[in-house]
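Q: Sharing a structure here in structure tokens format.
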Amino acid sequence: MDDSKVVGGKVKKPGKRGRKPAKIDLKAKLERSRQSARECRARKKLRYQYLEELVSSRERAICALREELEMYKQWCMAMDQGKIPSEIKALLTGEEQNKSQQNSSRHTKAGKTDANSNSW
């Protein structure tokens, strides 16, 4: 007796179950693979460019911080010798001027708000 079954007018032979893979166009599959590889290489190139830019910007930041640290070391050595560096004097006088400007502007604003509050 034959093990094949008739279902819907078609003869099914026993064997693997499930969908049978359709005939794959090998040229199309190869082209898709090549395209995917091209896209992968392009993404990799962009990623490496981004990382290189990130590294160079961090290196520039490190150099700037080293210069700033060296400047602060020089200031500390000068202050240990009893000298006040001119940069620190400029910073201090600049802060004093800013404080005096802020205080004068606060008094001016306070005067305006008091005048406005008493006008009703």
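Each residue, glycine too, has its Cβ placed from N, Cα and C.
Bear in mind that the values here come from a model prediction, so they are computed numbers and not experimental data.
Per Swiss-Prot, the feature compositional bias 'Basic residues' maps to 10-21. Taken from Swiss-Prot, the feature domain 'bZIP' covers 23-86. Annotated region 'Disordered' per Swiss-Prot: 1-24, 93-120, in sequence order. Annotation comment: Swiss-Prot describes 29-60 as region 'Basic motif'. Marked as region 'Leucine-zipper' by Swiss-Prot on the basis of similarity to another entry: 62-69.
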Q: Would you kindly list the residues that approach the region 'Basic motif' (29-60) from elsewhere in its chain, counting only those six or more residues past its ends and only Cβ-Cβ distances under 8 Å?
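A: Contacts of the region 'Basic motif' (29-60) (Cβ under 8 Å, skipping residues fewer than 6 from its ends): none.
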Q: By DSSP, what is the split of the region 'Leucine-zipper' (62-69) into helix, strand and coil residues?
A: 8 helix, 0 strand, 0 coil
Q: Over the span of the region 'Basic motif' (29-60), count residues by DSSP class, listing helix, strand and coil in order.
A: 32 helix, 0 strand, 0 coil
Q: Can you give the mean pLDDT for the region 'Leucine-zipper' (62-69), rounded to a whole number?
A: 98
